[in-house]
Amino acid sequence: MSMYGRDPWGGPLEIAADSATDDDRSRNLNDFDRAALSRPLDETQQSWLLGPGEQKKKKYVDLGCIIVSRKIFVWTLATLLAAGFLAGFITLIVKLVPRHHAPHLPPDNYTLALHKALMFFNAQRSGKLPKHNNVSWRGSSCTDDGKDASWTLTKDLVGGYYDAGDAIKFNFPSSFAMTMLSWSVIEYSAKYEAAGELTHVKEIIKWGTDYILKTFNSTADTIDRIAVQVGVGDTSDGNTSPNDHYCWMRPEDIDYIRPVTDCHGCSDLASEMAAALAAASIVFKDNKAYSQKLVHGAGTLFAFGRAQRGRYSTGTEAAIFYNSTSYWDEFVWGGAWLYYATGNSSYLQLVTNPTLAKHAGAFWGGPDYGVLSWDNKLAGAQVLLSRLRLFLSPGYPYEEMLRTFHNQTSIVMCSYLPYYTSFNRTKGGLIQLNHGRPQPLQYVVNAAFLATLFSDYLEAADTPGWYCGPNFYSTDVLRDFAKTQMDYILGKNPKKMSYIVGFGNHYPKHVHHRAASIPKNKVKYNCKGGWKWRDSSKPNPNIIVGAMVAGPDKHDGFRDVRSNYNYTEPTIAGNAGLVAALVALSGDKSFGIDKNTIFSAVPPMFPTPPPPPAPWKP
């Protein structure tokens, strides 16, 4: 009978009693040992085969807080040293190898012109100038403004901007300029920041709004009058009294009396001032105290304009220079801005009232339909309210009128295109928005801004274009229109002349501007003493960088003469539109508009859902 056991190496072991001789056993054992030792043994097998005194010992390293295997310690240390050497070697290579950066693209012409166009406002500042004004030939001026005996509301009307080449401060075009600049900042703050001009343009706006707040009782809830202008310029009927048109002298040297004109029924001016303050309150929304001050002033002005009806220029000298034809368009414009600034739906109800829109001329064409200017705000208001429909779509009861404004905006945009005959063009391609009358460029830049802005609105709303009758046009067509017009102003015209002073190599040198035409040579020229500079055929001694002149005539002709303001006089209203158009076209198109900032104060259009029920408790 045989017995079976287990071979520890896996095979069966048969044990037979006395079946082999001693020699056989010895030979079998030798064979057995050779087979067993022909492969390495693991630790378990070694411990089974070897005695306690023969067991293999592991070595350890005592690190104080922990004891680790010496083998693991050596491998870890070697790995760390190798990684450190490799990192140092890579760092050395990176530092020693010469770097080849992709060259930055040079700024486009619109950005370059933007830098200069903003400098014009520094040259137009009145009052005590800041040290960083950066116009070497300008200084503090007219620091007694407001001390006229006939003006008793406040004795401080220092500051603000001279409107053009003279030294009068007209609040109507100045307020429009601040509204336009604020609008451009609200929509394109990222582009201003990319150009390094955001702080600068906000300083320009604040200089204007600080002054507007001085022209009425801005702390009161109700007012009965506002200042219209400081200074006079009427030289009709042979008037030879020293004033801001008869005299030709640096503003810093003015020593004659500058009267203050006020009004008690001026709906257009009050509403435009309200628009400026309301728009600026959005620009300065991060400065809560100042923003609220602007909003309060805007509401007070608008209420005054609605209560005391009348045109500000009626029976005043302003009718000669900045005559207002209506105040209904300012009601729509100012009301729209106040809605955005406050979120108060009463303003939206007002501006979407069909009767108000009818009085503003929204339902009829007319030769100036679609032309945005310091006098006519309707086209701007239509675009502004189209924005509300595109992005918030408030629905009933506002939808019908908002849709009408949107459709009217589409028609205005169609009228800008060369395929339609609403406006003629010069042979050089300049659109004649003022139908061949002088000083065309101020209207062109406003249209270029509106066209680019509406194009960006549509793209932000994922809309590829719009219809003009049966024809569908891409948003690129609007941008191309704006570029064509702005390129004309920058020098792509029959005269090969830039109409922005300081831009390019060929630009007007005889700008109709008192401060620029008289040297800063420590000589004070009296009222008539400066006439020799006015009538000189020599170029201005001071370059008024960034000033956009009035522009060419309807035949693309231009006379660079100081005496003809229809060609060579710049204005802040015109330059504000220029800045807005340039920033809209500048830089990378991917920046687009800021969709949300303008709605910061607007509450949700629809009621918020009720809160979830409280958790159930047993």
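Keep in mind that glycine also has a Cβ here, set from the backbone N, Cα and C atoms.
Note that this is a predicted model, so its numbers are computed, not measured.
Taken from TrEMBL, the feature transmembrane segment applies to 72-94. Per TrEMBL, domain 'Glycoside hydrolase family 9' is recorded for 110-582. Annotation source TrEMBL lists active site at His512, Asp560, Glu569.
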Provide, as an integer number of angstrom, the distance between the C-alpha atoms of Asp560 (active site) and Glu569 (active site).
10
Can you grab the distance from His512 (active site) over to Glu569 (active site)? Cα atoms, rounded to a whole Å.
5
Around His512 (active site), how many other CB atoms lie within 10 A of its CB?
25
PLDDT averaged over every residue in the domain 'Glycoside hydrolase family 9' (110-582):
96
Do you know which of the active-site residues Asp560, Glu569 has the most other C-beta atoms within 10 angstroms of its C-beta?
Glu569
